[in-house]
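Below: the structure, in structure tokens.
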């Protein structure tokens, strides 16, 4: 991380009963008692395909300072929720979010979803608009169906195969795993306590055979939904609640070609804007980026919900400059998170 941000208070881990067991959820309480904080309310934040709830630590710092209670689950098959059984897939995550609301006694809460978490947020809100009344998508949630005739197995291999292979790797100790992440080109400039706590939470096993706590079967099922499931791909276009997309200007490896750009988003079904000087990961890490997310969430509170059926349909083909094997739908080849 750049600079020395104030540490976010340690989150309290909740165990929430869901189908098949308990969902691990990190709760960060609001840190302000300002008069305007009363209207902030709770928010649920959702991580990417091979991440965990602590990937949202920096964002939680910003949101709690604005008066929000933040709840960040380890999604089914990840970190503290890795013991939860299948069936996996984004519909299972949406069901787990309903169970979380019920457990907390909340009638509703807005969603913020990063990368694959954006697709979970869009699907949950499209299915249950009364429970999830606002949605902020962060470099994810807008999908592009594979062209007719695409070899889906080959597409899955191209997009999530490298990440799945990483999940099968072992590491001799915690420092070796940290070094693996520190060498990632999109994270190197942003390494700090916020990233390290997320990396450490991902580990399971014992030295010298530490490994990621992500379940390969869960990653494959979720990736398949993001790439091929019609309901998931069309969820953002069906939203009847206020929603917005914030997208990074650079990609998963900090490369100039980002997951989204103005051309690809020409028919985006929700308002979209770039967050300057960010890549797919730093959009969750820098104070300016997390501030943009908090501001987007606040702005949605006063927005009139869109009339059903009045969103433009998303594009059904990827742009010509980016081949189908690099569609911006989930964490991919160089992804560590």
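A Cβ is built for glycine as well, from the same backbone N, Cα and C atoms used for every other residue.
These features come from TrEMBL:
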type: DOMAIN; residues: 42-148; note: domain 'AB hydrolase-1'
type: REGION; residues: 298-337; note: region 'Disordered'
type: COMPBIAS; residues: 315-326; note: compositional bias 'Pro residues'
Tally of residues which DSSP labels helix, strand or coil - the domain 'AB hydrolase-1' (42-148): 43 helix, 16 strand, 48 coil
Mean predicted confidence [pLDDT] for the domain 'AB hydrolase-1' (42-148): 97
